[in-house]
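S.K.: Checked TrEMBL, it gives:
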{"type": "DOMAIN", "residues": "3-241", "note": "domain 'Acyltransferase 3'"}
{"type": "TRANSMEM", "residues": "12-31", "note": "transmembrane segment"}
{"type": "TRANSMEM", "residues": "38-59", "note": "transmembrane segment"}
{"type": "TRANSMEM", "residues": "82-104", "note": "transmembrane segment"}
{"type": "TRANSMEM", "residues": "120-137", "note": "transmembrane segment"}
{"type": "TRANSMEM", "residues": "157-181", "note": "transmembrane segment"}
{"type": "TRANSMEM", "residues": "193-212", "note": "transmembrane segment"}
{"type": "TRANSMEM", "residues": "224-245", "note": "transmembrane segment"}
{"type": "REGION", "residues": "261-282", "note": "region 'Disordered'"}
Amino acid sequence: MNNMCLQHLWYVSADMQIFLVVALPLTLLFIKHPKTAFAVSCVVALVFCVLTTLQIYFWDVAYAMTLGTNDQKKTFQSLEFIYYRPFTHVGTYILGLIAGYLALDHKKSTIHPVIQASQWLLSIALASFVMFVTVPWNRGHLPNEVINAVYGGFHRLIWAAALIWPSYACATGHGGILNGFFAWKALRPISRLTYCIYLVHLWFFLVKMGSLKTNFDLAEYLQLMTSLGIFCFSIFFGYLLFLCFECPAFHIQKMIFDKPRPENTPQDKKSIYENGAEKSRL
């Protein structure tokens with residue numbers, strides 16, 4: 001971890017490895033044999049969650065970053081040995097893949113309102129469990145080793161499961177107000193910049209921490225103002241990064257992989273001219 005260029009770039013490495021080793025083969029399997037791919041995906045997700053659970057237990061590290069302990073060694077070991085590793089995030093990646101498949105293959109399915117309501121309640125319950133079960137732990141009442149390991153291995157999978165229905169609902173027109181918010185045109189520019197914003201945002205936190213010469217207040221209002229300022233700077237520099245690198249790379253990719261459109265033959269041009277003349281007479 002000490003040799004990392006920027007700590008948040010672990011995501012780029014993990015995302016690429018998961019895509020090449022797990023997601024790409026499963027996507028190809030979904031195209032040919034969707035039922036088999038669904039079963040394999042569930043098994044692989046559970047296997048990697050169990051693997052993460054065992055590693056947390058035997059390495060005796062924290063379930064995640066937590067303020068409930070003064071043992072900073074365990075916390076940073078959890079980052080280095082668990083959170084930054086690709087295998088920890090395979091399960092969540094696979095559930096995202098399953099959600100995309102369901103939205104594509106069952107986009108015209110009719111779902112009874114009662115089932116829709118139950119899915120929303122289930123999603124809220126799962127997400128609430130992941131967030132609020134740790135409240136006493138963050139206050140110093142830490143769980144035992146078994147619960148620590150099980151939660152550390154499975155809470156990401158449970159959180160991803162909570163997002164399957166909202167993702168599917170918004171993609172298939174069942175999202176209601178939530179879908180209207182995410183489809184809001186004002187959010188489209190920022191949605192294009194999310195990756196670049198992620199890449200540059202840490203620089204501003206590092207500059208802020210490096211420029212401090214005295215103690216600073218951790219009041220919520222001051223932290224909110226700081227976060228909003230850093231967010232605005234991140235949008236601006238993320239936009240510059242998008243223009244300089246991501247946008248040109250996208251156009252080069254489009255030039256290479258998109259099929260060229262056939263040019264209009266003289267006969268086609270004649271037909272277009274005749275159709276236009278006919279419409280003008282009408």
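Counting begins at 1 with the first residue displayed.
Keep in mind that glycine also has a Cβ here, set from the backbone N, Cα and C atoms.
Explain the structural surroundings of these features, please.
M.R.: For the domain 'Acyltransferase 3' (3-241), the model's pLDDT averages out at 90.
Taking Cβ pairs closer than 8 Å, the transmembrane segment (12-31) reaches residues 37-38, 40-41, 44, 84-86, 89-90, 93-94, 97, 101 in its own chain, all 6 or more past its ends.
Distant neighbours of the transmembrane segment (82-104): 1, 10, 13-14, 17-18, 21-23, 26-27, 30, 34, 37-38, 41-42, 44-46, 48-49, 51-52, 55-56, 61, 64-65, 152, 156-157, 159-161, 163-164, 167-168, 171-172; these residues of the same chain sit at least 6 beyond its ends, with a Cβ under 8 Å from one of its Cβ atoms.
For the transmembrane segment (120-137), the list of distant contacts is 66, 68, 143, 151, 155, 158-159, 161-166, 169: same-chain residues at least six beyond its ends, Cβ to Cβ under 8 Å.
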